[in-house]
Amino acid sequence: MGELSPVCLYLLLQGLLLCNTGAARNLNELKMECPHTIRLGQGLVVGSVELPSLPIQQVETLKLESSCNFDLHTSTAGQQSFTKWTWEIKGDLAENTQASSTSFQTKSSEVNLRGLCLIPTLVVETAARMRKTIACYDLSCNQTVCQPTVYLMGPIQTCITTKSCLLSLGDQRIQVNYEKTYCVSGDLVEGICFNPIHTMALSQPSHTYDIMTMMVRCFLVIKKVTSGDSMKIEKNFETLVQKNGCTANNFQGYYICLIGSSSEPLYVPALDDYRSAEVLSRMAFAPHGEDHDIEKNAVSAMRIAGKVTGKVPSTESSDTVQGIAFSGSPLYTSTGVLTSKDDPVYIWAPGIIMEGNHSICEKKTLPLTWTGFISLPGEIEKTTQCTVFCTLAGPGADCEAYSETGIFNISSPTCLINRVQRFRGSEQQIKFVCQRVDMDITVYCNGMKKVILTKTLVIGQCIYTFTSIFSLIPGVAHSLAVELCVPGLHGWATMLLLLTFCFGWVLIPTITMILLKILIAFAYLCSKYNTDSKFRILIEKVKREYQKTMGSMVCEVCQYECETAKELESHRKSCSIGSCPYCLNPSEATTSALQAHFKVCKLRSRFQENLRKSLTVYEPMQGCYRTLSLFRYRSRFFVGLVWCVLLVHHLIVWAASAETQNLNAGWTDTAHGSRIIPMKTDLELDFSLQSSASYTYRRQLQNPANEQEKIPFHLQLSKQVIHAEIQHLGHWMDATFNLKTAFHCYGSCEKYAYPWQTAGCFIEKDYEYETGWGCNPPDCPGVGTGCTACGVYLDKLKSVGKVFKIVSLRYTRKVCIQLGTEQTCKTVDSNDCLITTSVKVCLIGTISKFQPSDTLLFLGPLQQGGLIFKQWCTTTCQFGDPGDIMSTPTGMKCPELNGSFRKKCAFATTPVCQFDGNTISGYKRMIATKDSFQSFNVTEPHISTSALEWIDPDSSLRDHINVIVSRDLSFQDLSETPCQIDLATASIDGAWGSGVGFNLVCTVSLTECSAFLTSIKACDAAMCYGSTTANLVRGQNTIHIVGKGGHSGSKFMCCHDTKCSSTGLVAAAPHLDRVTPYNQADSDKIFDDGAPECGMSCWFKKSGEWILGVLNGNWMVVAVLVVLLILSILLFTLCCPRRPSYRKEHKP
């Protein structure tokens, strides 16, 4: 057994894996969609799921069980008596008996079922108050299998208490997931949040509300009253279909319906609610429901045995119910209640479609559940902008987006958005991760483009790091870190400035000493090289002179070329006697012997050394080397002078490096004032402007004949607005394509009502009375009888988007000019101009991707953007075309289901229908090729019955603008502007720093004139960081200016030209714990007033303001810096003491 234990363990593990695989296959999801704001009295939330089929033998043992934490109502869990009504072929028929109307029979028996949707009176009505949830199921069966549909209804408060739990029905597990949508209180339809308000259609004009198609789930409730016919529901159906004379249908009850995913209960019938009348009429037309079968049975076949009657209950002496017996895929619900009995008699009829035609009087039933659709008026929830912030995390950033009314659309080209949602009250929050911070983070949220500057994230990390380093002095840690952590050259300049101020008295002599040592070594190497080279040149000159006067310098014996006369004389004396002229050792008096000895002789350089000693020794103490050696780098005067020069230099670099680069769109920091233009010629501007950008142009126009006469000129172009005259085509629908085969052996094709005949869109082809044996099963009667009915229909209709057709287009900009005291405004179209006596502003043309006759499709809120269709069918639409299925105010428009039927036959086999046309809806085709369509984004949309206006936030459109100002201006009249402007700073929020931004609130007073168009800037003492154009009116005006930039010492003032408010306000320091973005719409402003760039005086003014700001700010920072300066001076004094005998030590 010990040897077999590993095998047993292996088999056990395999069995567990197989069990887990089977469990996973039996897991189904039931999604409950909840609004994310739950208030009292908002009704019920409902959901359903269709489960896989199970053998009919298991139905009687089914039990719906729950492991959820909510309180389940027990009324549906008890056993209930049903009459099981089935059909079968008669057992006494001979083997080859052909099928006929008498070849089958029905049987009735009593069974007990539990958990079906038999909802007692007041259970649904009190569910919200009692905090009880209702779980039940319904059955759609043929002769062998049943397909359950599980329904879950509960008070909407369960969306708060439950996130996920499990239900079980037989061997099937149902994962119940409560998902909060981005809707505050409405249902999610077409990607938008829709609040159905049925009274709007009665009290308001049609253009003030929207109409949506929503699903309706209805459940039969039994309620008996002692007298009257008020609860006899069948009477209402008979009245609706104008059937008179029926007196036997005494069943009493009503349907309670839930609309969409959450709603208050709707009672059917109810005289005071037109929604109830609409549902009642749909029930009368489609008595079994408007949803015909499950999606996986979209292409299936059924065989009709014939009409049957039976006894319900089984103890009846005569038939009380009728229907159509079939085999094949199950269709509608197989449960119902008999209408002819006072007391409810429940029927379970597998394989039989029970009679539901209300135009007959007898043997009718009502289904226990009914599913359909209803069109309702209502309003679409307003959306708000998103707030996004990010924090640095590892190599990337952690970001979070939230909105007060939900996030319906969020995407980013640089981040991974995982759709993990949280809700705090009405706010919806989504967290996501951005893996890279080497580029700015762009997020599209609720139709707005948000940009987070990643350099601000790095600044935040820098602040955190420096704060940790200086944590021993927490009073100055953050203030010092904020000053140091500035991006780019500006930050390095700040750090060098502080290092120079604090440690300059130590760093300057240290760095100077190191540089001097390097220079001295280099000078010495250069001088040494010069000495050797000069000596070699001297020897060469001596050699040449000797050769000229005395002859050859070559020894005749050893053939060695000598360099001096003494060396040649020694060779002549020694070589001839066989002695070495250098070391005087004996050798042979031959050339080879002597040359071999010279190679090893150690005294060969004796004569060169003697010559070198006879020359004057070189003293490298003159010129550069001597100057460097005697440089007094430890002098207090030198160190102090360099320290002051470096401080001034660093302040200039610090101020100059604070300027931002010029941008096409956005603010460029400039000095105060505006540019002056002498009007010697006409002033002409010709440029291209992005559709999402506004443009401000401001100048002082000067009289060339008199420089004192100046006219203020202000031009303001607002963002481009697209005006589209539209035709509302309706709502585009998606649907499931169904192909059904209905075969019966005898009777004409008109004998039966086929399931697809109650669908909104269908076509049918009948193959009646077969003429051969090739299309008949073996039990059919043969040639000349029977029918194969082929049907194609569309169901499971779902509204997916709004559709508008562009009738005409206009592109406009509002143009305003202020020339002296004259102000003119006009909304200018393409190829239109604003013309005054002196100024002409023209919008010459627009580059656009929109054209009249284009069709716009919105798959969600307008702010989410849409798709442009160049071809959209409006009259003759085929299934699969864009716009194939449309829901319009006049009703449903069905497409042409083009294609031909073909009956597939085989000998002794039931025929099957085939369809060779398109089977994919236009919406599904569009989704598969969505990237091939042009898309567009929308900001600030405004829609009415026949018009749609919006701004393009992507700058995909451009306008050609031309501006001409005539030089013939009336300077005498226009230069004298009586308007007086006084400015005061009210408040400020936000932070200084180029990546954070601030909002300055100004109070501007206008006197002496009624209106004046001008620009108000946000400036400190040196520069301006933002501007806004304001049309001032007489009196007090509140102006908001958004700016970015500045430093810790900036006192932001409200300025007009060179006049500023008397006081300024200091913005907060950029803590940058959570970096928020700026709206791209706020940044798409082009401002050009020609103000001069910051020069030398501006730099000193900026540096001085910063120093004063530091002094007036956290005094502990200044104290610490001064202490460090004193310590560095003391250290310098100790390391570099003054030497009074310096001159004596260096006396020559």
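Using the three backbone atoms N, Cα and C, a Cβ is placed for every residue, glycine included.
What Swiss-Prot records as N-linked glycosylation site, among N142, N898, is residue N142. Range 621-635 is the one annotated as region 'Binding to the ribonucleoprotein', of 546-560, 621-635, 996-1010 (source: Swiss-Prot).
Swiss-Prot names the disulfide partner of C905 among C761, C775, C780 as C775.
Candidates considered were C117, C159, C165; Swiss-Prot assigns the disulfide partner of C136 as C117. The disulfide bond recorded by Swiss-Prot for C165 joins it to C68 [selected from C34, C68, C246, C257].
Swiss-Prot assigns R604 and C1136 to topological domains of the same name, so the membrane does not separate them in that record.
N142 (N-linked glycosylation site) sits 21 Å from N357 (N-linked glycosylation site), taking the CA atoms of both as reference points. According to DSSP, N937 (N-linked glycosylation site) is assigned to coil rather than to any helix or strand. Within 10 Å of the C-beta of N937 (N-linked glycosylation site) we count 20 further C-beta atoms, all protein chains included. Each of the glycosylation sites N142, N357 was scored by how many other Cβ atoms lie within 10 Å of its Cβ, and the smallest score goes to N357. Counting Cβ atoms from all protein chains shown, N409 (N-linked glycosylation site) has 20 others lying within 10 Å of its own Cβ.
Confidence across the topological domain 'Lumenal' (24-495), taken as the mean pLDDT and rounded to a whole number, stands at 83. Distance between Cα atoms for N937 (N-linked glycosylation site) and N357 (N-linked glycosylation site): 50 Å, as a whole number.
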